[in-house]
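Novice: Dropping the structure in here first, questions after.
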Amino acid sequence: SMASPALLMRVVASAYSVAEKAATIVRNVMAGGDLGIVEKTGANDLQTKADRLVQMSICASLARKFPKVTIIGEEELPTDEVTEELIEDGHCEEILKKTCPAQYAGIKEEELVIWVDPLDGTKEYTEGLLDHVTVLIGIAYGGKAIAGVINQPYYNYEAGADAVLGRTIWGVLGIGAFGFQLTEAPAGKHIIVTTRSHSSTLVNDCISALNPDSVIRVGGAGNKIIQLIEGKASAYVFASPGCKKWDTCAPEAILHAVGGKITDMHGNSFQYNKEVKHMNSAGVLATLRNYDYYASRIPNTVKQSLVP
């Protein structure tokens, strides 16, 4: 008889279905018209009914199946009983058919940490920039992001009524990443993707120093990593604190699975063990290719003002 799939593959397969359920919730809240917006720390730090319901759905669904896994979500929520309609019990068969990389085959539940951003790009969601929005489920082991799921609930939403809405991208280190067409940015072009709603003098000074051909300003860390892996941008540069572990865990796993690189502005890799501080306080630098080109051009003034 076939051995049952390794825990990691079961977690990723479940996270895939959980993310698809999350996308349905995100679309339903928007279609319902009442977003239930709450300001957390200010006008650029919002929470909607979708953030709340999706986090409850993801965390409760995964906790029910994998009770010993640590799950850390962005939103501070009361631990109410979650209604059954928010629970997703399914999994993606195709993921279970893949062989788990040997170095992850013996992982136990209590060794995994799942970082959840229920709705990355909340501000854009409230403004109707729906293609910026992603649902992020990142899976870490030994402090490293090793697997991730990114769902784009509104992928294709401008493609007309018969287009299939939404897509799910997933990846595991040592297997690869799936659900999109890996594309490199045009050779010799320096296209930087950066923040849309969290700009600052430092953010802009850093970008100017890199002398880019063009700059794309979009919401969501998940969305920015997708710009890299689909060849729309050559570097994601964010010289500011503000990004958190749940923003980078899933995108990092997918980027690393296809040979890219993400660090803070000093070149330090991110740590994802459960005790770690949530803020990526020294910014973000990510590329699919040519990481060293950008890293070597970050001004020292920028590095000095961002303390890891």
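Backbone N, Cα and C define each Cβ position, glycine as well.
The Mg(2+) binding site feature in TrEMBL is assigned to GLU74, ASP117, LEU119, ASP120, ASP247.
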Novice: Give me the sequence-ordered set of same-chain residues, not including GLU74, ASP117, LEU119, ASP120, ASP247, with a C-beta within 8 angstroms of the centroid of the Mg(2+) site's C-beta atoms.
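Specialist: What remains near the Cβ centre is ASP51, VAL116, PRO118, GLY121, THR122, THR134, VAL135, LEU136, GLY220, ALA221, GLY222, LYS244, TRP246.
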Novice: Give the residue from the binding-site residues GLU74, ASP117, ASP120, ASP247 that has the most other Cβ atoms within 10 Å of its Cβ, counting over every protein chain displayed.
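Specialist: Counting every other Cβ within 10 Å of each candidate, the maximum falls on ASP117.
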Novice: Tell me which residues of the chain lie with their Cβ under 8 angstroms from that of LEU119 (Mg(2+) binding site), as long as they are six or more apart in sequence?
Specialist: VAL26, THR48, ALA50, ASP51, VAL54, TYR125, VAL133, THR134, VAL135
